[in-house]
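K.L.:
Not my notes, these are from TrEMBL:
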type     : residues  : note
TRANSMEM : A:46-66   : transmembrane segment
TRANSMEM : A:72-95   : transmembrane segment
TRANSMEM : A:123-141 : transmembrane segment
TRANSMEM : A:153-175 : transmembrane segment
């Protein structure tokens, strides 16, 4: 079949549809009302919930840190402070995602808009990467100066290597949790499950867009 | 009840066939097609007030409809439950097509459905006889790139039909 015949085939189909399709105006009117009420989609609702919980949690931690810091050791203060800072950054990133979602314009060109959406979805991985940076605080909050003085070997030979290892793991995950590594075994094991599938799909689609642009 | 703007209804009326064809090309089952049709119409309605005459109306319409269709296609789960009803937003009368026409159309539709979502958009625009310039504006690539891709798809299409 020649190209012109295929175009004609499509035209015939179009003519047939012209005769057989009709709009259900009542549904269009109902749809507009119903959808307006459902403007907040599940993904956005989930992000709003996370932001809400994140703000409450951060506020509580900040409150206790502010009131209890004079009686707590410097190591607890520092550890909780780092944890709080990372939580605030993560919540801020989620808020930024919400703003970007609300700014999505579907009348942009297909490649631009799809790329933006896929990047936005995969940016959740960045938040997870940042959260890993707080790994070392799990080994620093319980350091006590008296214990270092009393038993320096235990501190330098056990606690410090643990802190160094957790710091290394945290930085490694921060650097490596990104969509470029989605085909690696550790990544697939870590992000296995339905809740991650949309992020993995976004990554795959970003690759498809890249190939489409190049070829 | 909120009134539907007559202008908006005219737009949907004029483009119901293309909405129907896009839904057919991006969804395999009837329920999904209905959800997608409703989603496209809703997104068109949402953007209707902000339409700028910077682009042709058809460019704007295709961008929204195809963007919604591609996003819908990529989603794992179904869209938010839409208006519940047994009726469809775009109704089709049960008219039979000639046997030859139907067979060829099914083969063409199958070919379209096998393409990746971006090539699928390009194929629909090609069949709708959009100019390379307009296709480039809708997709967001250069006209030269459009021409190369279209030639490649046409070649595949030719092979598909000649092997039948």
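Placement of Cβ uses the backbone N, Cα and C atoms for every residue, glycine included.
Those TrEMBL annotations? Automatic predictions, nothing curated.
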K.L.:
Near the transmembrane segment (A:72-95), which same-chain residues lie under 8 Å Cβ to Cβ, leaving out any that are not at least 6 residues past its ends?
P.N.:
47, 50-51, 54-55, 57-58, 61-62, 65, 123, 126-127, 130-131, 133-134, 137, 140-145
K.L.:
In the same chain, who gets a Cβ under 8 Å from the transmembrane segment (A:153-175) while lying at least 6 residues past its ends?
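P.N.:
Sequence-remote neighbours of the transmembrane segment (A:153-175) are 129-130, 132-136, 138-140, 143, 147.
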K.L.:
Take the transmembrane segment (A:123-141) and find every residue of the same chain, 6 or more past its ends, with a Cβ under 8 Å from one of its Cβ atoms.
P.N.:
75-76, 78-80, 82-83, 86, 89-90, 93-94, 97, 159, 162-163, 166-167, 169-171, 173-179, 199
